[in-house]
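What TrEMBL records for this protein:
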type: ACT_SITE; residues: Glu325; note: active site, proton donor
type: ACT_SITE; residues: His354; note: active site
type: ACT_SITE; residues: Lys458; note: active site
Amino acid sequence: MMDNLQLWQRYQDWLYYHEGLGLYVDISRMGFDDDFYNNLQPKFVDAFEAVAKLEQGAIANPDEKRMVGHYWLRNADIAPNQEIKKEINDSLTKIKAFATDIHSGKITTPNGEKFTDLLSIGIGGSALGPQFVSSALTTTHPPLKIHFIDNTDPAGIDRTLAEIGDKLKTTLVLVISKSGGTPETRNGMLEAKKAYEDKGLNFSDYAVAITMMDSSSKLYKVAQEDKWLECFAMFDWVGGRTSELSAVGLLPAALEGIDIQGMLDGAREMDIATRIPDVKKNPAALLALGWYYAGNGKGEKDMVILPYKDSLLLFSRYLQQLVMESLGKEEDLDGNKVYQGIAVYGNKGSTDQHAYVQQLREGVANFFVTFIEVLKDRAGNSLELEPNTTSGDYLSGLLQGTRKALYDNGRDSITVTVNEVSPKIVGALIALYERAVSIYAYLINVNAYHQPGVEAGKKAAASILDLQQKVLEVVKSSNNSLTITDIASKVDGQEIEAIYKILRHLEANNRGITLKGDRTMPSKLIVNYHQ
Ligand SMILES: O=P(O)(O)OC[C@H]1O[C@H](O)[C@H](O)[C@@H](O)[C@@H]1O
């Protein structure tokens with residue numbers, strides 16, 4: 001343990017400050033020593049080289065044989081060829097023009113009314129970025145008020161549609177899906193479409209697609225066939241979790257009146273800083289160093305994200321996908337079984353101090369905290385609650401106090417400090433973490449840009465739905481009551497528990513199924529079907 005003066009020296013030795021962005025990165029409270037840092041240098045040299053090649057257009061996603069181009073989105077000049085450069089510039093021009101036309105009323109509803117609301121339908125990278133940015137940057141009176149359907153939960157869809165209410169007739173719909181085939185998004189679209197039709201509204205006059213504009217996307221085909229209002233391109237060299245600065249994130253943000261050029265400018269400025277092949281001068285490399293130290297290069301400690309600012313509440317949820325879908329991999333680039341990753345959680349401070357910081361301070365030391373400090377308390381001045389003390393002083397004191405309390409009990413933390421939550425800073429934070437993931441992924445030798453594990457879950461879900469069709473066929477065709485066991489023997493005996501779960505869910509939703517008997521003995525339950 002160091003005393004305050006030693007810590008002050010360490011703080012200064014390791015402090016990173018970006019003049020243009022007014023952004024600090026402090027890793028002084030991560031307990032690595034110079035040997036650790038020096039021993040990691042060769043890995044950093046290779047990582048910097050690999051990321052540079054990635055930006056120049058290498059096939060940096062070897063499993064899907066794709067380039068990785070999200071860095072080009074905020075500086076088309078670095079794109080590897082003229083065609084991609086043009087795609088990026090044209091997309092941005094189209095986004096800005098469309099938002100202008102919607103705001104000015106040049107594009108209106110079929111009844112000539114200006115759009116007032118925005119319904120964004122998407123999931124994962126097609127929702128988390130837009131949700132984070134909206135929560136961080138939207139104003140109290142945005143030109144369009146955004147609502148999200150980001151799941152195939154009927155009650156959740158009902159709640160969102162109820163929230164929109166009569167405004168549906170002036171609500172623009174964005175259906176966002178890079179692949180164009182994600183079931184949850186397609187379900188949300190069909191549910192929304194029904195809601196429009198129930199009000200006598202022609203859905204196509206309200207619908208905009210953001211997707212791959214080729215035959216691989218079912219969504220693109222629907223948007224074309226049904227003559228939707230507009231379609232914006234997603235690129236195959238942009239992954240879902242790094243798509244916030246593509247049309248996926250920029251179109252909703254622009255429609256909400258958010259300064260998307262500011263976001264792009266902040267990201268570009270951060271990209272310049274995170275290209276520097278010198279750890280101490282590279283904020284993303286400093287984060288990667290901290291992560292590698294904390295988890296011993298194996299994710300042995302979780303990343304707790306604690307912004308002491310309400311508007312950054314969703315940053316941790318955004319980072320959960322960016323970090324965990326990128327790093328959480330079974331194999332490394334050489335095919336070795338590594339079971340890598342870094343778990344991410346957290347909400348906001350000081351609120352979380354009243355929830356789980358107790359465990360962080362004294363319990364199992366299986367984490368490191370990243371504090372996000374925002375210096376500016378609010379627009380305008382604050383009232384004094386007691387002499388020389390404002391609410392913001394409390395918030396700042398609670399952050400510093402928690403950081404000290406953790407350090408004093410041997411718990412590591414990083415602090416990222418910004419002046420305020422602005423479009424430029426949000427863009428910079430997105431770029432900071434995208435690059436930290438890129439660098440760290442090379443330190444641990446994994447492909448950060450594919451997601452093979454997601455397919456397994458999708459396939460299993462599809463097989464349950466197939467099973468449900470078979471079960472209903474058997475139940476409807478039999479004229480006498482069957483037990484669950486009888487049904488399983490006619491469909492697939494191995495799947496008896498899945499069959500029981502399907503029937504129990506159907507019964508709960510008035511789908512013609514009733515189960516009679518002792519519920520603690522499900523295999524003996526009698527299944528009845530009625531129209
Ligand atoms: O944008 P979509 O193609 O609909 O994909 C939405 C999400 O689906 C999967 O979960 C992928 O793992 C995510 O990376 C992606 O963001």
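Using the three backbone atoms N, Cα and C, a Cβ is placed for every residue, glycine included.
Known features from TrEMBL, placed on the structure.
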residue: Glu325; record: active site, proton donor; Cβ contacts under 8 Å, 6 or more apart: Gly124, Arg241, Gln451, Val454
residue: His354; record: active site; Cβ contacts under 8 Å, 6 or more apart: none
residue: Lys458; record: active site; Cβ contacts under 8 Å, 6 or more apart: Pro183
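For the recorded site, Lys458 (active site), the DSSP three-state label reads helix.
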